[in-house]
Amino acid sequence: MNAQTPIRRPISLVLASPRGFCAGVDRAIQIVERAVEKFGAPVYVRHEIVHNRHVVDRLKALGAVFIEELEEAPDDRPVVFSAHGVPKSVPAEAKARQMIYLDATCPLVSKVHVEAQKHYDAGREIVLIGHAGHPEVIGTMGQLPEGAVTLIEDLKDAAAWEPKDAANVAFLTQTTLSVDDTADMVALLRERFPGIAAPHKEDICYATTNRQDAVKHLAEQSELILVVGSKNSSNSVRLKEVGLKAGARDAHLIDDASGIDWTWFDGISRVGLTAGASAPEDLVQGVIDAISARFDTTVEELVEARETITFKLPRLLTA
């Protein structure tokens with residue numbers, strides 16, 4: 001061995017599966033790509049289509065123009081609504097302006113919208129468990145008249161909620177929160193209102209649950225966990241928190257391989273790697289390559305679940 005060649009320390013890299021894109025994110029990105037193909041550039045997109053900088057930058061390069069509000073888009077160009085969902089007023093405005101619009105709302109989020117309307121039509125008072133200001137929460141609350149949905153962010157909110165008719169209430173949850181995330185609040189609501197109407201089990205986002213369950217098992221056999229995802233991605237932030245709570249010594253959220261601080265690896269022999277639902281697999285591969293370039297790396301996969309779900313594209317793009 002050449003005297004100048006450093007000794008490469010061994011590292012075991014455990015990949016969580018599933019990780020990265022879920023069916024809703026995959027569909028939303030395809031909608032923007034297909035819209036640019038069909039209608040040419042520019043195609044306007046209201047809000048980040050998904051919360052990932054790399055995805056947004058790539059779509060910008062294809063001809064997508066990201067805007068905050070519909071008023072920023074001209075009447076004669078197509079507009080796409082993000083995967084997080086939008087208030088009812090947004091498609092209503094697009095219709096009034098006779099715009100071509102494509103709704104990339106995740107079908108699981110759309111299910112929550114349908115449930116909200118059903119509860120409202122049945123005269124129930126509704127609480128939504130979620131994070132204030134998150135686009136999905138804004139979209140869900142915007143399905144109904146102002147004041148029809150009360151947002152609950154923590155146990156304090158759940159304890160303080162006083163409906164007019166305690167026997168006629170319902171709760172909904174933000175899809176990027178798992179069963180674990182909401183368990184304490186749901187338990188308190190059920191204790192206070194035994195007859196509260198709850199979401200169907202199949203309406204809970206499979207991707208959020210699967211990715212968090214995978215990270216829990218990853219934490220059992222990793223000293224350090226790296227989560228590939230953007231800081232404004234709710235589900236990515238939660239993956240890091242779940243990893244720490246499940247016993248990982250350290251966990252970090254990184255945009256890509258350039259976000260790695262190599263001092264994190266000091267004294268570490270087993271590293272877990274996962275990605276949020278809006279993070280592309282090529283960024284995960286970039287992290288694997290960066291670690292493999294520095295260490296004698298063995299890669300193994302920890303399979304929590306196999307995901308086969310796909311969602312159909314809007315008819316306008318497939319006709």
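The first residue you see is number 1, and the count goes up from there.
For all residues, glycine too, the Cβ spot is worked out from N, Cα and C.
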Record-annotated isopentenyl diphosphate site (Swiss-Prot): member among His51, His54 besides His84, His134, Ser233, Ser234, Asn235, Ser278: His51
His51, His84, His134, Thr175, Ser233, Ser234, Asn235, Ser278 excluded, remaining Cβ within 8 Å of their centroid ((2E)-4-hydroxy-3-methylbut-2-enyl diphosphate): Val50, Pro135, Glu136, Thr176, Ser236, Gly276, Ala277
Rounded Cα-Cα span from Cys205 ([4Fe-4S] cluster binding site) to His51 ((2E)-4-hydroxy-3-methylbut-2-enyl diphosphate binding site), Å: 17
Neighbourhood of His134 ((2E)-4-hydroxy-3-methylbut-2-enyl diphosphate binding site), C-beta criterion under 8 angstroms, separation at least six: His84, Gln174, Thr176, Ser234
Neighbourhood of Cys106 ([4Fe-4S] cluster binding site) by C-beta distance under 8 A, where only residues 6 or more apart in the same chain count: Gly24, Val25, Arg27, Ala28, Ala83, His84, Gly85, Thr175, Phe311
Cβ-centroid neighbourhood (8 Å) of the [4Fe-4S] cluster site, Cys22, Cys106, Cys205 excluded: Ala23, Gly24, Val25, Ala83, Leu108, Val109, Thr175, Thr176, Tyr206, Ala207, Thr208, Ala277
Cα-to-Cα gap, Cys22 ([4Fe-4S] cluster binding site) vs Ser233 ((2E)-4-hydroxy-3-methylbut-2-enyl diphosphate binding site), nearest whole Å: 13
Diameter of the dimethylallyl diphosphate binding set by C-alpha atoms, the set being His51, His84, His134, Ser233, Ser234, Asn235, Ser278, in angstrom: 15
